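Participant: The following feature annotations were taken from Swiss-Prot:
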| type | residues | note |
| --- | --- | --- |
| ACT_SITE | 138 | active site, proton donor/acceptor |
| BINDING | 110, 111, 112, 113, 114, 115, 128, 136, 137, 138, 171, 178, 182 | dCTP binding site |
| REGION | 169-193 | region 'Disordered' |
């Protein structure tokens with residue numbers, strides 16, 4: 001059962017759930033909290049690699065990822081990031097979220113953006129119990145026109161679902177937590193699997 005708006009506010013008031021900066025009540029809807037786009041992005045560079053062997057030796061996978069991923073792009077206030085048709089880019093939420101070990105979160109993109117061809121998360125929409133940090137967005141433009149994305153715009157909504165009990169291995173306590181405390185548009189760390 002997902003938390004309703006009253007429960008989300010209560011969990012925030014009690015400090016059981018943290019969203020920084022705290023959203024105003026107008027952005028806490030029936031069962032979701034609106035989140036905004038941050039100013040950090042990462043793209044794929046022009047490259048000549050025919051493929052990346054994701055099950056290859058870890059050092060080769062790491063080197064291939066370094067060749068194709070850009071450095072982090074930090075946009076100044078007021079500037080737009082342009083996502084062209086058929087392009088994938090990483091970005092982050094403006095808000096940082098911390099979940100307790102007995103709560104899982106879900107990120108959904110906005111329907112208004114999906115109707116323009118923008119996928120806000122390609123596959124990874126679960127936010128694990130114990131997560132703390134900004135949420136990386138996996139943008140894909142499946143539409144016909146370039147889209148101008150501006151930091152601060154509403155980009156998605158979070159919902160929260162209590163677990164039957166606290167997780168024994170919440171994300172923030174796992175030794176293999178590759179994206180712990182991320183604040184930027186962190187590239188894939190599949191080579192750490």
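Including glycine, each Cβ sits where the backbone N, Cα and C put it.
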Participant: Any same-chain residues 6+ apart from residue 114 (dCTP binding site) with CB under 8 Å of its CB? Would you list them in sequence order, or say none?
Facilitator: 120
Participant: Using DSSP and three states only, what is residue 112 (dCTP binding site)?
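Facilitator: The three-state answer is helix.
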Participant: Give me the non-local Cβ neighbours of residue 138 (active site, proton donor/acceptor): same chain, 6+ apart in sequence, Cβ-Cβ under 8 Å, ordered along the sequence.
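Facilitator: Result: 88, 90, 119, 120, 121, 122, 123, 124.
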Participant: If one looks at the chain holding residue 110 (dCTP binding site), which residues at least 6 apart in sequence have a CB under 8 angstroms from its CB?
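Facilitator: Same-chain residues close to residue 110 (dCTP binding site) (Cβ under 8 Å, separated by 6 or more) are 120, 154, 155, 156, 157.
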